[in-house]
Amino acid sequence: SDHMENIYGYLMKYTNLVTGWQYRFFVLNNDAGLLEYFVNEQSRHLKPRGTLQLAGAVISPSDEDSHTFTVNAASGEQYKLRATDAKERQHWVSRLQICTQHHTEAIGKNNPPLKSRSFSLASQGSCNSPGVQRRPSQNAISFFNVGHHRSSSGKRVPILQPDHLVDVREMMSQAEGQQRDLIRSIECLPVSGHLTSLDQDLLMLKATSMATMNCLNDCFHILQLQHASQQKGSLPAGTTISWLEPKISLSNHFKNGAAQSFSAEINKPASVREEQSISEPSQLTREAEEINPDEELEDISDDKEDDLGAVEEQRSIILHLLSQLKLGMDLTRVVLPTFILEKRSLLEMYADFMSHPDLFLAITNGGSAEERMIRFVEYYLTSFHEGRKGAIAKKPYNPIIGETFHCSWRMPKSKVGAEAGGDAPAPSSSEQVTPAKDLEGQTELDYYTVKFVAEQVSHHPPVSGFYAECVERKMCVNAHVWTKSKFLGMSIGVTMVGEGLLSLLEHGEEYTFSLPCAYARSILTVPWVELGGKVNINCAKTGYSASINFHTKPFYGGKLHRVTGEVKQNATNTVVCRVQGEWNSLLEFTYSSGETKCVDLTKLSVTRKRVRPLEKQGPFESRRLWQHVTESLRDGDIDKATEHKRALEERQRSEERLRAETETPWCTKYFLKEGDGWVYHKPLWKTLSPVQTQQMDSN
């Protein structure tokens, strides 16, 4: 209350592209919960030029400079403001946040409850459902009647009977269904009129109902753990525990990948039930599988993420989500709404970074250590453009633990051979990259094959491992990445923690590299992706290194997606190559000889990856695992996509709980833990014998 005084003063307000920033006189009215502004202080006695209701608003300091901040009202209106310095910004932001919190909390205390108003949402079709009709045994007393048995110490220990837990689970399933119906009814309301989807009472009802269900689920999980601990060690393998779900064998719980459904809703679509339960024992094996590239077909899917419709329609949900977040909050465990998802898994996104296999294979053709480092830098910088699908920033699916993705590329040898030539001068900017040839009818001797495999090796923290190799070229790349997401106000930042290793076995060289940070900007309007940070590439054997800077756009002026870098010989500290440009359009390489080469990324040919058809994929391969979510997103059915996504996430949580209860460690399929990193179980540097290397050299 000491900080609830009214404050006023001049701030700069961004109006539009034409008029830009203008000084306006702002007044924070704490009593009314309003932020008002006037043309100047002298006109303060007149009607305000603009007013924002602060209840339910989001106050966000900008991550682009130390002076700017935004005020996002629950109505969707936004003020973009700038103080004279960082201290003044902090003063305004803290006072606005205090006022916002005070009036948001007051809504629930002072406003009449929904039942006293002239409308009802909960009664629209949900109360007549069979789930609401209680059985005679479903009452509070019967749920909490407990039996007792005496422990070895003589104390009476309460025991929850299995049938009680079944009843609780059924009632919770009914409550979850009604809560989903409620949310759906609120979101279907118009954005304007007497009752809108942005009504403050309804926004609070959505948040509190979700929090209540989460709390109940946590409590139910505690009851399950209590019962499991009482039963642990007393049941033989194969015993059926009926209170978890009918006919689930205990022996199956000890297998990684076992799936169980904790829902008793029998009216779910077959595809959802399939996602929640995998019954074939052969599908539960975690042994590594050799993928035959001949079974893979050229990928014909083209899911460009240029549709902003769903994001604009669901802006109120984004606003509500933002109101629950704090600056710097770790988003690893935050469930984001389905409509902002890409139609692919994060594991497949890593594969799309390999969409220029010709440049990858050409690295080892370099006639000198210097040229090989430069070629690697060129390949590295061209990989990010194709990794993004479309101009709109959307989020790939979070892989579930044990998920894998396999693919390969075929590259005509004649095309890669054209890149060879030792110390040949860099090609001129007028040279065009020709499209990849049609490989139909060509024999295996006519093309190189690059194989790729990725696996989600850890859930908390979320770590992915991926590996690619070309046996004929005696080169492979191994990497592990831990994605850490943070809320930054009007942006979301993703730090890619981890390291990659490129091995050129023909030359006995290893190149270590890191990855830049990624930022989703303007998440309330048209979200877009920006890369930022410094990455390093090093080769200890040759003494060459590269330093690359991905520049984020400054608030005033400057270009988007700018990147600069240089390649050095460490012993002499000599710069042998400089690069500048944009990582998604045009890059210019300048060599120590004075020659230059321009690479237009928009004109580079993209080699389509080859993927096995869904019917030949295992149940934990990305495309088959997420197929129903992807199909629903393509059809524009967000509700169905959310249902399928929730089923997968619940299955993962259930498996994680069972492993914790049975103290069963998770075993990975393709990657092994080595120190702080993860390494492919059969890397080329282990499987390729010296004799094979010599034979390939002679060829």
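Cβ coordinates are placed from backbone N, Cα and C, and glycine is handled just like the others.
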Where TrEMBL places region 'Disordered' among the ranges 76-95, 416-435, 616-635: 416-435
Contacting positions for the compositional bias 'Acidic residues' (290-302) when only residues 6+ beyond its ends and CB under 8 Å are counted: 406-408, 410, 449, 451, 453, 608-613, 616
The compositional bias 'Acidic residues' (290-302): DSSP-derived helix, strand, coil residue counts: 3 helix, 2 strand, 8 coil
Secondary structure content, the region 'Disordered' (637-656) (per DSSP, counts of residues): 19 helix, 0 strand, 1 coil
Across the domain 'PH' (4-101), average pLDDT on the 0 to 100 scale: 87
